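Enquirer: Pulled the feature table from Swiss-Prot, pasting it below:
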type: BINDING; residues: 65, 67, 97, 223; note: divalent metal cation 1 binding site
type: BINDING; residues: 97, 130, 221; note: divalent metal cation 2 binding site
type: SIGNAL; residues: 1-31; note: signal peptide
């Protein structure tokens, strides 16, 4: 039997205490029925001299970790889609985990027309999360997202080009937990002369990706811990989500953003970790 570290033990104890506190303090109803539907739109401006003038004001919307289930439903997804379209994005990216349990979910076909309603002139891109590969869901995810109008990436690369010839780069890595991420084969294609965006589900990929010319990494996976304690932060974070847990970080010239996601897994609770849609606006400083 694998021994538990002191830190893991303490986190488990805090988790049990927090669950008890939520129940005893009447916070359970808030964490179960209110906060999971309090979707925040977070806005960030990304500045770089590598961003061409033609891409100044270019708007990217990220959503992540829908975990469609009985707890985050199709009605919730409709609200998300309306919110995203109202922001008038140029590009939409989904950073993994569309369905909580792909092998048991009963409404795959109903998801497709909702995803088709998302509009962005430069397209809709998505990557795999661990739940998309899990439960024999790899092919299901690709079929569903493609039918919904998304380009599905696994260790992919492309450039976005304007009529004036200006470009930015987008790369993606397969899921770290259940996929086969190809760091060198994918990221060696990036140029240090172009502004680059990396899509990867697990944020701690940045421990390796900052060795490459990545300017902006967009990730999800952690749900912001899903349950946080004041002055302590997330009680439990998943594998590959221990270092970067939520929000914006900067390491050298790389900005790393960890979206808190939309749905829930394991426990149908969110506390001090509201679901999130993120809007990024590119700003040229050249």
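The backbone N, Cα and C atoms fix where each Cβ goes, glycine too.
Describe the structural context of these features.
Expert: Residue density at residue 65 (divalent metal cation 1 binding site): 29 other Cβ atoms are found within 10 A of its Cβ, drawing on all protein chains shown.
When Cβ atoms from all protein chains are considered, those within 10 Å of residue 130 (divalent metal cation 2 binding site) total 21, not counting its own.
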Enquirer: Using C-alpha atoms only, work out the spacing between residue 67 (divalent metal cation 1 binding site) and residue 221 (divalent metal cation 2 binding site) and round it to an integer in Å.
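Expert: Their Cα atoms are separated by 11 Å.
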Enquirer: Just checking, which of 67, 221, 223 (binding-site residues) has the fewest C-beta atoms within 10 Å of its C-beta?
Expert: 67
Enquirer: What are the other residues, in sequence order, whose C-beta lies within 8 angstroms of the center of the C-beta atoms of 97, 130, 221 at the divalent metal cation 2 site?
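Expert: Near the divalent metal cation 2 site, beyond 97, 130, 221, sit 65, 96, 129, 131, 132, 175, 177, 201, 202, 220, 238.
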Enquirer: Could you state the CA-to-CA distance between residue 223 (divalent metal cation 1 binding site) and residue 130 (divalent metal cation 2 binding site) to the nearest Å?
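Expert: Computed Cα spacing between residue 223 (divalent metal cation 1 binding site) and residue 130 (divalent metal cation 2 binding site) is 13 Å.
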